[in-house]
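Among the features that TrEMBL reports, active site, proton donor/acceptor is placed at Tyr132. Look at TrEMBL and you will find Lys160 tagged as active site, schiff-base intermediate with substrate. Per TrEMBL, pyruvate binding site is recorded for Thr44, Ile202. The annotation site 'Part of a proton relay during catalysis' is assigned in TrEMBL to Thr43, Tyr106.
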Amino acid sequence: MIKGSITALVTPFKNGQIDEGSFQEFVNWQIDNGTHGLVPCGTTGESATLSDEEHRRVIALCVEAADGRVPVIAGAGSNETSVSVAYARHAKEEGADAALVVTPYYNKPNQEGIFQHFKAISEAVDIPIVVYNIPGRSVVDITNDTMGRLSKLPTVIGCKDATGEVDRVQGLIDRCGEDFIQLSGDDGTSLGHSVHGGKGAISVGSNIAPRLYSDFHEAMLEGDYTKAKALNAKLDRLHKDLFLCPSPSPAKYALSLMGKMEPSVRLPIVPCSEATKQAVEAAMKRAELSW
C-alpha cells in the first residue's frame with residue numbers, strides 16, 4: 001500500500017546533465033533510511049525543465065535503483081493530455097507502481113475538463129493513478145465533488161493534496177471512501193492531515209532527513225501522536241525553510257552540504273540566497289542533522 005513518508009525526489013545535475021550515479025546512490029540512501037516510497041519527476045525533481053528524454057531516463061533510473069523495495073510513483077503530469085498519457089504509459093513499461101498526475105496547469109480547465117483529462121489517462125493506461133491537486137501552481141482547484149467522480153475511475157487510487165486545507169480529508173472520505181489514499185502535499189500540514197485521516201505525505205523535507213520523516217509518519221500511522229508531535233517540532237523549520245527560495249534550490253543546497261550531490265538547479269530556478277543558506281543550516285541543526 002502507498003502510505004507514509006514518500007520522498008519527492010530532487011534530480012541531481014552535474015555540468016548541466018543528469019548526474020545518474022548520484023541519483024541512484026541517493027535513491028539507495030533514501031530506502032536505507034526508511035523512506036516508504038519515491039516520486040521521481042515531480043515538482044521537486046524539476047520536471048518542468050527536464051526534456052522528454054531526460055524525464056523517461058529519470059523514471060527508468062529510479063525504478064532500477066529501487067528494485068521493488070518501495071513503491072515508485074512516477075511523475076506523469078502535463079497540461080497536454082496526450083503527453084500525460086505517454087508519460088503514464090512509459091511509467092508502466094518501466095515498472096513503476098503508480099503515476100502521479102497533476103491537475104492541468106496554465107490552461108485553466110473547468111471541473112468537467114479536469115475530469116475528462118484524468119478519464120482519458122485512466123482509459124488509455126492500466127496503471128494506478130494518484131491525482132495531484134495543487135491550485136497554487138496549477139491555478140485551478142479540484143473540488144471535492146470532482147475528486148469523488150475521479151475516485152470512481154477504475155485506476156484512480158488516491159490523491160496528493162497540496163491545498164493546505166486539512167478539513168478536506170473528511171470531505172473526501174465522504175465522497176471517495178476510506179480506501180481512497182489521501183496524501184498530504186505539504187510537510188507542514190502532515191500532522192493535521194493525518195489526524196483527519198490521511199495516510200502519509202509526498203515530502204520535500206524527506207530528501208534531507210529521510211529517517212526522521214519516516215519515523216514521523218510511522219508514529220502517525222501507529223496513532224502515537226505524542227511521538228509525532230515531538231518529531232514535528234524537530235522538523236518544523238525544515239518544513240518551512242526549504243521553501244524560503246523557490247524549491248528545490250534550498251533542498252539541493254542542504255544535500256550538497258551532506259555530500260549527496262551538487263547544488264545545481266536549472267533556470268528559471270536559481271541558487272538560493274545567502275540568507276536562505278543560513279536558515280537552512282539552522283533548520284538542519286534543529287533537526288540534529290550532521291554534515
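The backbone N, Cα and C atoms fix where each Cβ goes, glycine too.
Long-range neighbours of Thr44 (pyruvate binding site) (same chain, six or more residues apart, CB within less than 8 Å of its CB): Ala8, Leu9, Val10, Val204, Asn207, Ser247, Pro248, Ala251. A C-beta separation below 8 Å, combined with a sequence spacing of at least six in one chain, links the residue listed as 'active site, schiff-base intermediate with substrate' to Leu100, Val130, Val131, Tyr132, Asn133, Ile134, Leu183, Ser184, Gly185, Ile202. Proximity of Tyr106 (site 'Part of a proton relay during catalysis') to non-local residues of its own chain (separation of 6 or more, Cβ distance below 8 Å) is seen for Asn79, Ser138, Val139, given in sequence order. In this view, the residue listed as 'active site, proton donor/acceptor' is surrounded by 27 other Cβ atoms within 10 Å of its Cβ, with every protein chain counted. Around the Cβ of Thr43 (site 'Part of a proton relay during catalysis'), 22 further Cβ atoms fall within 10 Å across all displayed protein chains. DSSP assigns Lys160 (active site, schiff-base intermediate with substrate) to a strand segment in the three-state reduction.
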